[in-house]
Amino acid sequence: MAKRSTVIAITVAAAVVIVGAVGAGVAVLGSRDTGGAAGAKGDTTVTVRVWDEQVASAYEQSFQAFEDKNPDIDVKLTVVPWADYWTKLRTDVAGKSAADIFWVNNSYFADYADNGDLLDIDKTLGSDAKSAWAPSVVKQFTRNGSLWGVPQLSDAGIAVYYNKALLKDAGIDPASLENLTWSPDASADTFVPVLQKLTKDAAGHTADDADFDPASVTQYGYNAGNDLQAIYINYIGSNGGTYQDGDRFTFANPKTVEAFQYLVDLMNTYHVAPSAADTNQNGDFSRDQFIQGKMALFQSGLYNLKNVADGADFDWGVASIPAGPEGRVSVTNGIVAAGNAATEHPEATKKVLEWMGSAEGNEFVGASGAAVPAVTDAQPVYRSYWENQGVDTSKFFDVLKNGTIPAPQGANFGAAFGAYGPILEDVFAGRVPVAEGLQKAQDAANAALDG
Amino acid sequence: MKWTRTLLVYLVLLTGAALTLAPFVLSVMTAFKTPEQFARRSSLSWPDPVTLENFGVLLTGRTEFGRAIVITVLAALLLVAGQLLFSIMAAYAFARMRFPGRDALFWVYLSTLMIPAIVLVIPLYLMMAQLGLRNTFWGLVLPFAFASPYATFLLREYFRGIPQDLVDAARLDGANALDVLVEVVVPLSRPIIATVTLITVVSQWNSFLWPRVITTGNDWRPITVATASLQSQYNGNWTLVMAATTLAVVPLLALFLVFQKQIVRSIAITGFK
């Protein structure tokens with residue numbers, strides 16, 4: 001039975017080699033978890049979790065500078081992609097294994113604040129600390145009298161990117177875009193006629209021509225559609241409507257209904273925007289059309305500035321959003337770094353939060369033009385980056401002076417959004433009358449809030 | 001009329017081939033495009049200029065795709081070794097050993113195949129969390145490192161086809177159960193073992209749900225999760241995603257080219273003709 005021992009020996013040897021190789025590989029890959037070469041024994045590791053790769057690159061430089069000043073603290077940064085971020089955060093907070101510091105946005109922070117999962121920034125860093133931060137962001141993240149995170153990014157407001165060549169072809173002076181007014185009352189509206197001139201079908205007829213064929217549009221005027229941040233919440237605001245009252249949803253507010261009716265008409269009656277079939281599920285559709293030179297006006301925020309600047313190979317500019325009956329009202333949104341109330345290193349976490357809230361620590365975010373810093377003294381870095389690129393970002397900031405509508409907020413927002421989202425898709429697609437659909441959306445969203 | 005029939009058959013086959021291959025061609029094409037070209041021109045346009053930028057970003061950037069590939073390979077190695085070892089022993093017991101309740105036990109074991117994997121995610125997650133294995137390599141592989149019902153079933157059916165005379169002859173020569181397994185059954189079962197190996201490698205290579213649940217961030221995620229993570233809140237990053245899928249498919253293609261014969265035979269064995 002010599003053969004038997006060989007076979008067994010080979011099997012055992014193979015098993016040992018495989019397990020050994022895998023074990024060694026895992027050990028090598030795992031070595032960086034313990035702090036790696038950078039940290040000596042006894043150092044405190046503070047973990048930070050964010051969802052954006054571009055900002056993460058900036059943070060890495062920022063934390064490097066922090067570690068140079070605080071050699072006894074290691075900061076470990078993890079990026080969890082947006083698609084998973086909120087589900088992961090929920091399970092990790094529940095399992096007490098969340099990072100010491102993590103990003104939260106306006107829509108989701110209330111749950112965690114109400115449950116006592118977040119450090120009260122007023123108590124941790126002192127209530128004077130907030131004077132250094134963008135007031136709009138501080139206001140957004142103040143709930144029940146306390147601030148629940150250190151402001152990191154600010155979206156500023158919404159504006160309109162325009163394609164200079166397409167405007168010129170239609171005989172529209174870019175400066176005139178500043179005077180446009182939209183209104184549910186057709187006689188007061190100056191926006192639709194401009195959009196009609198900017199929309200063309202395959203035969204070259206513009207949308208105000210009797211021969212215009214809405215089935216073969218080759219150039220869109222505008223990106224009206226199912227886009228909360230860039231489109232509909234601003235229309236609600238500039239018509240004097242409301243999106244929420246406290247945490248409750250108020251889609252059936254008559255002013256809100258008018259705003260939606262106007263947008264749905266732009267899409268389904270005037271055909272100056274892509275159809276809901278294209279845009280309901282694909283948030284990038286309109287941006288891609290604009291970058292491909294097939295859309296004249298693209299309303300969006302600074303979050304798309306880098307995409308437009310990198311992507312568009314034509315001359316473009318930025319104009320203000322059209323004024324509504326209540327003037328120009330834009331949403332503004334911020335992101336904060338929240339401290340985990342269950343952190344095992346409260347002192348070190350406090351130091352990192354302080355650093356992230358300082359102009360010096362926050363400036364890295366604006367230096368590459370990726371995002372607007374929320375520390376007021378760090379903001380000029382962002383503006384000058386874009387000025388050097390020949391882009392004037394002032395329209396995004398100026399719009400906030402006319403008043404803002406609060407961004408979505410509240411406990412259980414995620415569930416409410418999941419409930420009303422599909423109903424709004426039906427509204428934009430014209431499958432449900434606007435008023436009826438919005439009533440349904442409101443009921444569904446509020447029912448979801450109640451769990 | 002024979003040639004018209006041939007023509008028709010080829011037409012159908014060509015259409016089928018085109019439908020199957022087109023997505024791969026499109027993804028490889030996109031992988032070599034600049035993001036600017038992808039945004040500006042038709043997605044069917046030829047890469048111009050051809051760029052390796054996407055692969056560079058993937059392998060050297062914050063995504064750490066190279067790390068994800070290494071993790072995937074290590075996990076596949078361990079799972080193949082574990083699954084083969086335990087499935088072969090279990091299958092032998094179910095096929096050739098006699099003990100009370102053997103068949104009942106086998107059918108109960110096999111019936112776990114009917115439970116959708118998604119139902120097991122939460123209990124498994126809680127178990128791993130209790131063991132402190134969240135976001136570790138072992139948390140990623142342990143739940144699947146032992147025998148799988150499907151592999152055991154395939155092997156058992158094959159082992160049952162081996163003539164009892166051979167086993168009896170070995171027994172007469174003084175061989176015990178382990179000797180029979182190692183010297184008679186396993187050498188005769190190479191085709192099915194190759195099949196099980198391939199099935200395990202492919203299913204591990206493509207597994208997504210469990211790794212996505214158990215890992216966080218770059219530390220231990222395999223290629224599937226790393227690929228999905230390339231998409232951010234405001235940007236689809238399609239050129240990067242396609243570069244990632246192109247890289248992910250290369251090892252499997254290589255495996256297929258090397259083991260073509262065995263794969264075709266294994267498909268015949270499993271009956272999916």
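Glycine is treated like the rest: Cβ placed from N, Cα and C.
All annotation found in TrEMBL is predicted automatically rather than curated by experts.
For reference, TrEMBL has these:
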DOMAIN    B:69-259  domain 'ABC transmembrane type-1'
TRANSMEM  B:7-32  transmembrane segment
TRANSMEM  B:68-94  transmembrane segment
TRANSMEM  B:106-125  transmembrane segment
TRANSMEM  B:137-159  transmembrane segment
TRANSMEM  B:180-202  transmembrane segment
TRANSMEM  B:238-259  transmembrane segment
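Recorded stretches compared: B:7-32, B:68-94, B:137-159; the one with the most Cβ pairs under 8 Å to the transmembrane segment (B:180-202) is B:68-94. Same-chain residues lying 6 or more positions outside the transmembrane segment (B:68-94) and placing a CB less than 8 Å from one of its CB atoms are 102, 105-106, 137, 140-141, 144-148, 151-156, 158-159, 177, 181, 185-186, 193, 196-197, 200-201, 204-205, 218, 220-226, 247, 251. Annotation: stretch B:238-259 has the most Cβ pairs under 8 Å to the transmembrane segment (B:7-32), among B:106-125, B:137-159, B:238-259. Within the same chain, residues 24, 26-28, 30-31, 33-35, 38, 54-55, 57-58, 63, 65, 69, 73, 194, 198, 201-202, 205, 223-224, 226-227, 230-231 sit at least 6 positions outside the transmembrane segment (B:238-259) and bring their C-beta atoms closer than 8 Å to a C-beta of that stretch.
Long-range Cβ contacts of the transmembrane segment (B:106-125) within its own chain (Cβ-Cβ under 8 Å, at least 6 residues beyond either end) map to 94, 134, 143, 149-150, 152-153, 156, 209-210, 213-214.
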